[in-house]
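Colleague: Below is a structure I'd like to ask you about.
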Amino acid sequence: MSLQMVTVSNNIALIQPGFSLMNFDGQVFFFGQKGWPKRSCPTGVFHLDVKHNHVKLKPTIFSKDSCYLPPLRYPATCTFKGSLESEKHQYIIHGGKTPNNEVSDKIYVMSIVCKNNKKVTFRCTEKDLVGDVPEARYGHSINVVYSRGKSMGVLFGGRSYMPSTHRTTEKWNSVADCLPRVFLVDFEFGCATSYILPELQDGLSFHVSIARNDTIYILGGHSLANNIRPANLYRIRVDLPLGSPAVNCTVLPGGISVSSAILTQTNNDEFVIVGGYQLENQKRMICNIISLEDNKIEIREMETPDWTPDIKHSKIWFGSNMGNGTVFLGIPGDNKQVVSEGFYFYMLKCAEDDTNEEQTTFTNSQTSTEDPGDSTPFEDSEEFCFSAEANSFDGDDEFDTYNEDDEEDESETGYWITCCPTCDVDINTWVPFYSTELNKPAMIYCSHGDGHWVHAQCMDLAERTLIHLSAGSNKYYCNEHVEIARALHTPQRVLPLKKPPMKSLHKKGSGKILTPAKKSFLRRLFD
């Protein structure tokens, strides 16, 4: 195992606990940035370009028929092979947290539709589910099993907000373990079915899961209700006959107590577990090898890398799987320095790059750590995820125009601004006000001065008015500036009144013209 420090040359502020990495044919893509995507990268998906221990985030684009994909943190992701050639390699994304602190219940399918030396074009589609639809959650796992020529998604674990009937103002963002149910999801028809297995008694989150053929192994995890990390090891088998699926669970010995660990695959039959936590304030510095042979699982300790003093002394760490036995790690920067980065990053290589891309074993990208504010003071700000070793693009990307300063200063460009003295939009309690709002409050541009953004809800705009003003190029002035704007209007030009021509009075024998005024004056003079 080799550990190497890497430098992120741009957009480092985007990489925060909760992100995910996706590997498409050896190229790694970053997903789950901090904050909403900005104009310079509306997709929020970046190519993770690694050259000589330097990492550069290059913006990617989506096809025109793609749906909107919000930046989700702590989602469950996994790879999936479709039946069509164009669907040979896809990523399934479910759940996660939005920058508004909302928990998503949507499921997305990501695939590449175009790739050349300079750019990659993705297609993202939203999959509608019917039946026993899993509730919104994060910190869970999703995997794909294959049985009798069929495939099925398996979703388990995670956390979600408490029901609205149990939420109070003081504990509005309190979360709880999801019920320990197993969901089977048919990606072709969009059907979901839940199963209650007696072996699964407690809800778990931030566990490790491995899928191989028709079997899924669940290791470790954290139970929020009991605040424990039991040494779990479950084997879930899914049989897909012509009729109803059969799901059974077996409790196996030899489990490990760990949460928020990172899983990376080194070859067809071996995986490596890196990082995680064994106690709420203690990182797990031990690494384990997991071997899968003849439908048996074996877990054993392996030689740990030479951790740096910074990694040893840090209270939290997070990261994701880059694939091919490589892990991307992050730790907080040293605040004692005059100029300190937010995070420092490392690449840990656990094996040579000899992974067979056609293998039928897939690791679950849900390797996140507990979410900030939900659990312990240390695990809360961690998170892990990984996919594959990156191959560099040649040359500069024409879309590489992302402005990191634009992302950091959300007071000017973000949605959570104080738009007016009476603004009452709160990031922690905001709920959709208009039917057109999806993941963020509707805003409208005030044209006064240099212009500024205001919340449509704060301006008491009717939805019909909001749609009308958003569809056209009409100028709009907020409540604070509407009177000023009226005063700036140029008065309309008033045409002069037409006066009737005055009749001339001529005196006989005189060339002078007497006007009515002069005639009146002369009468008064001689009378």
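Backbone N, Cα and C define each Cβ position, glycine as well.
What TrEMBL shows for this protein is this:
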- 358-370: compositional bias 'Polar residues' (COMPBIAS)
- 371-380: compositional bias 'Acidic residues' (COMPBIAS)
- 414-491: domain 'Recombination activating protein 2 PHD' (DOMAIN)
- C419, C423, H455, C458: Zn(2+) 1 binding site (BINDING)
- C446, H452, C478, H481: Zn(2+) 2 binding site (BINDING)
Colleague: On a count of neighbouring CB atoms within 10 A, which of the binding-site residues H452, H455, H481 is highest?
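Modeller: In terms of Cβ crowding, the pick is H455.
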Colleague: Under 8 Å Cβ to Cβ from C419 (Zn(2+) 1 binding site), same chain, six or more residues apart: give me those in sequence order, or none if nothing qualifies.
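Modeller: Non-local contacts for C419 (Zn(2+) 1 binding site): V425, M443, H452, W453, V454, H455, C458, C478.
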Colleague: Which whole-number value in Å describes the distance between the Cα atoms of C446 (Zn(2+) 2 binding site) and C423 (Zn(2+) 1 binding site)?
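Modeller: Counting only the Cα atoms, the answer is 15 Å.
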Colleague: In whole Å, note down how far the CA of H481 (Zn(2+) 2 binding site) lies from the CA of C423 (Zn(2+) 1 binding site).
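Modeller: So the alpha carbons of C423 (Zn(2+) 1 binding site) and H481 (Zn(2+) 2 binding site) sit roughly 15 Å from each other.
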Colleague: Within the domain 'Recombination activating protein 2 PHD' (414-491) only, compute the mean pLDDT.
Modeller: 77
Colleague: With a 10 Å radius around each C-beta, find which of these binding-site residues (C423, C446, C478) has the fewest other C-beta atoms nearby.
Modeller: C423
Colleague: Taking the Cβ of C458 (Zn(2+) 1 binding site) as the centre, count every other Cβ atom within 10 Å, in any protein chain shown.
Modeller: 21
Colleague: Beyond the listed site residues C446, H452, C478, H481, identify every same-chain residue whose Cβ lies within 8 Å of the center of their Cβ atoms for the Zn(2+) 2 site.
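Modeller: Apart from the listed residues, the neighbours are C420, Y445, S447, H448, G449, G451, V454, Y476, Y477, E480.
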